[in-house]
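A.B. asks: So that we are looking at the same thing, I have put the structure below in structure tokens.
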Amino acid sequence: MANVFAFVESRGGDVRKAGLEAVSAARQIADQTGGGEVHALLAGAPGIAAQASRLAEVGADVVYVVEHAGLAQYDAESLAATAAERIRAGGYRAAVFSATAQGKDLSPRVAAKLRAPLAPDATAIAVEGDAIVVRHPMYTGKVIGALAITASPALLSVRLGAVPAQPNAKAGRVETIQPAADPGASKVRVVELREGNKGKIDLGEAAVIVAGGRGLKAPENFKLVEELADSFGNAAVGATRAVTDEGWRPHSDQIGQTGRVVSPELYVAVGISGAIQHLAGMRTSKTIVAINKDKEAPIFKVADYGIVGDVFEIVPALTQAVRAAKAAH
Amino acid sequence: MKIAVCIKRVPVMEVKFAIGKDGASVDETGLKYDVNDFDLWAVEAALQLNEKNAPGEVTVISLGTDAAQEQIRKALSMGADKGVLLKADRLPGDAFAVAEALAAELKDGGYDVIFFGKKSIDADNSATGAMVGELLGLPVVTGVSKLEIAGGKGTAHRAVEGGIEVLEFPLPAIVTVDEGLNKERLPSLKGIMAAKKKPLESRPAQLGTAGVTVQKMELPPERAAGRIVGEGAAAVPELVRLLQSEAKVL
């Protein structure tokens, strides 16, 4: 019976969706290796302890809480030291991180501190005999690798949405611990967090993404994409590289080989032809809708549903229809 | 300033991949290669920093087979001063094994800044730069999309989910480069000629032990052929019906 560790990402005093998913992924590994405990590490500014119960609800048996004013912002050096110390002390079979920007920054540091193997960006996790095996998209998603780790602890980072958080209530003992390194002593400091699209849902967490491409012809026409996204109520706006290169949208909105990789329930591609680089970022979406004037566009080869025609005519009609459908619920 | 850039030879992605006979690698037949996108932006960042703080030196380091000399030469033709190939017969699937070899090379180099691409588009580990930083005890800033370095200090922007982090750090440091930082310059004919004469050392890589093994590789399942619902706005009601009743996403 092996215990499993989960690092919980939080921001501004709130647990991120990725943090809940990390606990669920750890729960899954613990269950498959004989039902051990899940120990979560939750760190943040004073007050973060109040979030511990949310982790118990999704399967954490123990929540180690680190509260420190210096952790109001992400502090890689202090968090890596604390996570490494806890993992070392806990003798875990596996340690789960989120494959978010922060998780991808943190997990390799912890792996190097522990000289432990790291399987990154898992889209699925399985326990096979002595090995923990993760599926990991490589070559821009054109190849899926099965990466195996037999040594303990096995470190892995899990892609957003790969292991949805499941209700799995535990008693959830809370234990307060000290940071293994003072955040004030870190060499790299986050001096500011500029929240973009405040109040809007992030691409990685959105159930629906409406993305626009060059077919929109001009930056101001992106409002069609935004209005369609608004009509769904739970959608984020994305863009192709052509669009971000033109400066119509910030680089952080780019979906593709060199941008964000997303897997929403529904992906609506507006005026996007479907270059290989773009497909690399969205082909794992559950349902894909394409709207494009060129019926030979490669996007139609990956789309579940397509409408051929003028985006300036179709998108406003779709926005209205989605609004009506939502209102009827 | 002494600047190092770590680059990787990766396949050009605009092809269909096939799985090799061992079932755990890609079939290299017919693949073309280039410098990893993110590493090209890292080279550009190094060159720009060097131009601002001249005189200095930019060293390009790559771990790979002899073939990776081609990618090192490309960086030299862009303007880097010298190259180092850390020779390995085959790249391990474990970022840490690679990080150990790079750290051994970089350790006594006296570099002020060491650049990496944020990730390589083949292995997609997003791990090597941060691991090297940890091994060398250097500050690391990953996924940088805006960078200013002056007076022994750096300021950087990093995109995180739903926002941008502004970071400050002292030199020497490791910076991994995201898209958006810059556009790489094209090698000039003069640069290509000059690159032929620039020093390119080669020595065996001191690879660490791999704890992650690639058990197998598979092609992802093809998406089932979709359907064109119709043309123009007239097709919208049918699309909405399908999203509600068939895909159940509305």
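Please read every residue number as a count from 1 along the shown chain.
For all residues, glycine too, the Cβ spot is worked out from N, Cα and C.
In case it's useful when we look at the structure, here is the feature table from TrEMBL:
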BINDING   A:Arg214, A:240-241, A:254-258, A:271-278, A:Asn292  FAD binding site
DOMAIN    A:4-192  domain 'Electron transfer flavoprotein alpha/beta-subunit N-terminal'
A.B. asks: According to DSSP, folded down to helix, strand and coil, what is A:Gln254 (FAD binding site)?
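C.D. replies: In the DSSP reduction, A:Gln254 (FAD binding site) maps to strand.
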A.B. asks: Identify, in sequence order, the binding-site residues in A:Arg214, A:Gln257, A:Ile272, A:Ala275 that approach chain B with a C-beta to C-beta distance under 8 Å; the answer is 'none' if none do.
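C.D. replies: Correct list, in sequence order: A:Gln257.
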A.B. asks: Name the residue among the binding-site residues A:Gln254, A:Gln257 whose Cβ has the smallest number of other Cβ atoms within 10 Å.
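C.D. replies: Least crowded of the binding-site residues A:Gln254, A:Gln257, by Cβ count within 10 Å, is A:Gln257.
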A.B. asks: If you count CB neighbours within 10 Å, which one among the binding-site residues A:Arg214, A:His278 has the smallest count?
C.D. replies: A:Arg214
A.B. asks: In sequence order, what residues of the same chain, 6+ apart, have a Cβ less than 8 Å from the Cβ of A:Ala275 (FAD binding site)?
C.D. replies: A:Thr240, A:Arg241, A:Gly256, A:Pro298
A.B. asks: Tell me the Cβ neighbour count for A:Ile272 (FAD binding site), meaning other Cβ atoms within 10 Å of its Cβ, over all protein chains shown.
C.D. replies: 31
